[in-house]
Amino acid sequence: MAGFNHTGVNHAVFYLLGIPGREDLHMWFSIPLCISYVFALLGNGLLIFIILTKSNLHEPMYLFLCMLAGIDIAFATTTEPKALAIFWYNNREISLNGCIVQLYFQHTFFISESGILLMMAFDCYIAICYPLRYTMILTHSLIGVAVFLRAHCAIFPIVFLLKRLTFCRNNILPHTFCEHIGLAKYACNDIQVNIWYGFFVLMSTVILDMILILVSYVLILCAVFYIPSQDARHKALNTCGSHVCVIVLFYGPGIFSVLTQCFGHHIPLHIHILLANVSMLAPPMLNPIIYGVKTKQIRDQVVYVLFPNQK
């Protein structure tokens with residue numbers, strides 16, 4: 001497992017350390033990680049089952065929610081099984097190709113989820129501001145295809161940017177999963193192209209989505225305040241309340257993690273790694289709970305599926 005630091009080496013295998021300096025606590029860390037992952041699988045799986053099998057939920061809002069649940073399962077699955085393998089079986093080895101595949105799908109699903117959240121914000125905007133045109137605008141299946149296609153097109157060049165590099169530095173990765181720049185920095189080559197392309201992808205997808213989501217909700221609030229009926233205003237705000245919670249939950253931990261990396265240099269490495277894992281698992285685990293509590297139609301169907309004998 002020793003790393004190398006001379007130019008005659010091009011590493012094809014890397015070793016994920018998990019949480020460096022806290023190896024004795026790996027088993028304890030794995031317990032909440034495993035519970036969160038199982039909850040994410042069961043909660044999102046139940047949500048997908050309910051939406052697909054109940055014809056009264058075949059509306060744009062719920063179909064977006066179904067896509068979000070599917071992405072949440074895939075997003076958590078890109079990293080957590082490997083993290084648990086490290087904690088339980090000390091299975092740290094990962095090939096270069098395996099590392100690239102992991103980060104490719106991790107970043108792709110992250111951008112896809114950001115795109116779905118943008119579409120759901122647009123859904124709220126149309127439902128409140130243009131209710132008569134709602135069905136006509138938001139029934140096109142190409143919306144979902146465009147979201148996934150954008151994510152794949154944005155991340156696909158990263159595969160070639162990483163494959164061109166020669167990894168002759170240390171092959172020890174102090175993390176539970178692979179990251180683009182986290183992997184690239186172990187190359188002997190100049191990685192300025194990787195850095196700038198990564199910045200371009202971030203700004204043109206996730207940051208742009210956040211700005212458009214903010215604009216959507218400013219327009220929604222402006223429209224809501226012009227509604228004369230207080231009950232109608234309350235209903236309009238409640239329609240998008242669960243979506244706002246999910247947005248905060250999705251972007252919040254990620255932003256906090258980035259800020260701690262940029263400005264929290266005194267924060268121990270294991271805290272950064274734990275925050276990264278929380279940002280990967282918190283949205284998939286809590287999204288089904290938020291929508292189950294806040295959305296009456298889904299809540300009623302969950303009760304019916306889990307407790308069929310109750311009226």
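Note: Cβ is positioned from N, Cα and C throughout, glycine not excepted.
Residues or ranges marked as domain 'G-protein coupled receptors family 1 profile' by TrEMBL: 43-291. What TrEMBL lists as transmembrane segment is 27-50, 62-89, 109-130, 142-162, 195-228, 240-259, 271-291.
Listed stretches 27-50, 62-89, 142-162, 195-228 were compared with the transmembrane segment (109-130); the greatest number of C-beta pairs under 8 angstroms is found for 195-228. For the transmembrane segment (62-89), same-chain residues at least 6 beyond its ends with a Cβ under 8 Å from one of its own Cβ atoms are 16-18, 26-27, 29-30, 33-34, 37, 40-41, 44-45, 47-48, 51-52, 102, 105-106, 109-110, 112-113, 116-117, 119-120, 123, 144, 147, 176-177, 246, 277, 280-281, 283-285, 287-288, 291, 297-298.
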